[in-house]
Amino acid sequence: MKINVEQGFKTLVQEVENILLPVEGKVPEWLSGTLIRNGPAKFEVGKEKYNHLFDGLAMLYKFSFRNGKISYTNRFLKGHTFKSIIETGRIVYPEFATIPKSSLPHRIFLNATRHFTDNASVNVTKIGESYIAMTETPPRVEFDPDSLRTLGRFHYGDQVTGHLTTAHPQFDYDKKELINYITRFSLTSSYNIYSIKQGTTKRQIISSIPVKQPAYMHSFGMTKNYVILTEFPLFIDPFRLLLTGSPFVDNLFWKPEYGTTFLIIDKNSGKLVGNFKCEPFFAFHHINCFEDMGNVIVDIVSYKDSSIIKSMYLNKLRQGDLLLPTPEIRRYYLELGSNKVTTHILSKDFIEFPRINYRKCNTKNYNYVYGVSAHKSNGFSNKLVKFCIKSKSYKYWYKENNFPGEPVFVPMPGACGEDEGVILSLVIDTINCNSYLLILDATSFSEIARAYLPFAIPFGSHSQYFE
Ligand SMILES: [Fe+2]
């Protein structure tokens, strides 16, 4: 099926600062904070083109809520990568699926000396007092949360190094620390799990797990006591990557014969306490993980293989070839003390860009998942879904020719119920060629307001709400 969502993959050049958005409906007065979204927004440099949706140059978008009004700013993230293309008019740094047209020795030099791209287009978070944009290469870029102006490269207060990380850190509310991991390529590579105490910038290594073939993992799971690395059989060949100077994606190899492995790491001792093998699958996003009666439960958006990655080349998407592989929402039970894994399908509908009431429910048993899904199963996300795990029931928001992005749950102050709050999602309207911020009542999943933007915004990655 051909679907025209051209605007979603088109370069946006306009930057605007602090404009008041026209609103239809009523924005809740209690909503007082800022939604910051990240995503690729420039897909060519002169005559040179980026190949993949993950390659485009990062743009930050800010929606500020105050007294029922919404103000809006968007600005390119101007790190080294952005500055280099302005200075040279060419692509200088390798991205996920695009390499610069420079010589092979130059590309090998960039990799060997860890001159990674800082095109941090995937997500945002706060470390210490700094707001930072993140991608899967190690450099983080700091920005001003008011103006969205780029402040420069973010420096951790330590000497930890590595080659590949995630833009999906987790936050441990008990210990008040941020958790993430970084993979270091070597003859024996390693996954290095670290924590950063709230208010500080120093990474403390919790555990270093040696690994023969490092896997590509976009996110990881966490429970009260454990970090879960879900090691898909999509392995990186670091030496091939280094020596051929080829795009990162061309050095990922799907080896289903290895199956998928859940590595369970104790957050306190740093010990590997579980190593569970199951059938091969691939995922970008963990939904939530928690412990229950000696089991570690992992809810995850599971694809039967890694072909989803190759389905996101821009030339394919722009031709309207949007029949992407659809994932299953699976729950895995990992029985600690044994190697037993059982699994079942949690949701009959697919859900991507899964979000939960993170503050209240992350690492705990929970009931509601929000995400994007596909109307009439046409394979491309065009509706929002709220899934109730207990009752196996669904609520939807759908409007023809409108394409919503990741739904972010914001709890109402003093809320008791898990779903008391609102959902914020940026939607592309392909008929009117613009975007709007949609606000849904999270309980009823009905629309309560929308705020219109002056132009269409390309499909983005992830957003975070800051009080
Ligand atoms: Fe992601």
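The chain as shown is numbered from 1 upward.
Backbone N, Cα and C atoms are what each Cβ position is placed from, and that goes for glycine too.
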Can you pick which of His106, His115, His155, His285 TrEMBL lists for the same Fe cation site as His168, His218, His462?
His285
Once His168, His218, His285, His462 are set aside, which residues in the chain still have Cβ within 8 Å of the Cβ centroid of the Fe cation site?
Val122, Asn123, Thr166, Ala167, Ser219, Phe284, His286
Does anything in the same chain, at least 6 positions from His462 (Fe cation binding site), have a Cβ under 8 Å from its Cβ, and if so what?
Arg37, Asn38, Val122, Asn123, Val124, Ala167, His168, Phe353, Glu406
Distant-in-sequence Cβ neighbours of His285 (Fe cation binding site), under 8 Å, six or more positions away
His168, His218, Ser219, Ile300, Val301, Glu352, Phe353, Pro354
